[in-house]
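Single-structure report; data block below.
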Amino acid sequence: MFIAPAVILLTLFSIIPIIIALVISFTDMDLVGLADYSNISSAGFANYINIFKDPVFLKSMYNTLIYVVIGVPLVVLASMGVALLLNYGTSWLFKSFRVIYYMPSITNIVAVAVVWGYLYNGSYGLFNYILSIFGLPAQQWLQDPTLAKLSLILLAFWKSIGLNMIIFLAALQGIPRSYYEAAEIDGATGWKKLRYITVPLLGFATFFVTITTLIGWIQFFEEPLVMTKGGPLNATMSMALFIYNNGFQLSKFGYAAAGSFVLFIIIIIVTLIQFAVKKKEVEY
Amino acid sequence: MALRMKHIEKGLMIALLIIGGLLMMVPFIWMIGSSFKPENEFTVIPPTLFPSHPTFSNYRDLFLKMDFLIYLKNTLIIVLCSFVGLFLNAMAGYAFAKFDFPGKNKFFYIILATMMIPGQVTMIPTYLIINQLHLVNTMAGIVLPGLVGAFAIFLFRQFMTTIPIDLLEAARLDGAGELRIFFQLMVPIVKPVFAVQGILTFIGAWNSFLWPLIIANDERLYTLSVGLSLLKGQYGTEFGLQMAGAAFMVVPIIIIFIFFQKHIIEGYTISGIK
């Protein structure tokens, strides 16, 4: 009686959809098929074969790789750095900055897009004005194909520091003070304490943050959707946005479902590699 | 000497913290300042961080010229429904923690596994299911898929397993019904989890964007974020209106967060992420 509502809803909207997704990824389901199921026919592996010939999909895979390679280290290192700074003191100052660093994480993505769109504006934006103070030329932040990717990374970086910083902070507060006291008696300096006590003991938190950040960047979606819609020239198109576009803009449900399974498999492989690496690390 | 070094070090840390924090704040300051600017102040160079002729007209236009009142009502309905979902999560967590039934552990692992599925995989089939149930373009279609979540069930279960079973037995001997035990005994005990999950649920519901965008094609069902994205598309040059809309979405969340932030940070410690 207590469990029924939750289980029914989860089954209906989380478990059954996976099975449906798998089934329709082998069909040519589209808008016509949605209106009348007799119009759907089996496509075999055609969707999976075609998607790897689709230049837009290949481009989106390349872009996603760039997002991951730049974004993950940036977010993990910065949020660990901020957590270390915030853990340095306990006064009101540190507590208020905890709130300030967390704030971007809870803000609405559309509002963020509106505000950052204005900051990045080529003629009236703040960023170009700051460049002009230093005598630098104005940039087309969201219109230049290379720069647009970096502009989106900067925005997502700003938005994701907070949550990860909280996880590091929770971990830092779990480290017993006695470790540091013992090290101080042995004459350890600040840098050595950080290098030999703090960072190793943050191992699990770092692992957790790296995995969730990695999965997050592989599914990078909302920022390109609301900021650039994948443009210019598909330069910011991510895999997740490609799936969304094919499913909900072009109504190619079968094709999009095949794309979503490619994405799913990549996530599983990356996660398994992470766990394997972690296991090795523990052994020494 | 060592003490002086320590003071310098601390000063350096605080300086770093303040510089970083100010950089994080720039978009917020820019947003709030701009939301009070009259439209002709947006093309001024150099740009003003704070308006030289502040005005409320942008906020007034949001409600009088645009339908932000309807969007606000829809968003609040979603927030209320999501709190019903919060109770369903708590009930499921309670059942997993305190009752025995066949297949209990299997069920629980399946629920945990749903956390690992990327949203893009379930998005299209969920849309097809909602379509099959004739719930496209209804509030129910917007609310139902996100009503319960594995993470919240997990958190409630973890916390409730630590409550001694004797307490429940005593209440049962006194003749209390199961529902009464849940609401009058369990709910007060798990208040900390309700606090964390309540805030996260509120933030999530208030910000809900993508699913309403997909399911609602009728403007009467739009949420604040969907309305704001509409504003961004149609009134792309009216910066004042856009900034006021963004501020209207962001500021309430920040106020609520500042009030309850202690619980969120403690919540992460409770959930054992260390």
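Each residue, glycine too, has its Cβ placed from N, Cα and C.
Now, the feature entries from TrEMBL:
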- B:71-260: domain 'ABC transmembrane type-1' (DOMAIN)
- B:12-32: transmembrane segment (TRANSMEM)
- B:68-95: transmembrane segment (TRANSMEM)
- B:107-130: transmembrane segment (TRANSMEM)
- B:136-156: transmembrane segment (TRANSMEM)
- B:193-214: transmembrane segment (TRANSMEM)
- B:239-260: transmembrane segment (TRANSMEM)
Subject >> Same-chain residues near the transmembrane segment (B:239-260), Cβ under 8 Å, at least 6 residues beyond its ends >> reply: 28, 31-32, 34-35, 37-39, 42, 57-59, 61-62, 66, 68, 195, 199, 202-203, 206-207, 224-225, 227-228, 231-232
Original post:
Taking a Cβ cut-off under 8 Å, which residues six or more beyond the ends of the transmembrane segment (B:107-130) line up next to it in the same chain?
Top reply: 96, 136, 141, 144-145, 150-151, 153-154, 157, 214-215
Original post:
When each of B:12-32, B:68-95, B:136-156 is checked against the transmembrane segment (B:193-214) for Cβ pairs under 8 Å, which one has the most?
Top reply: B:68-95
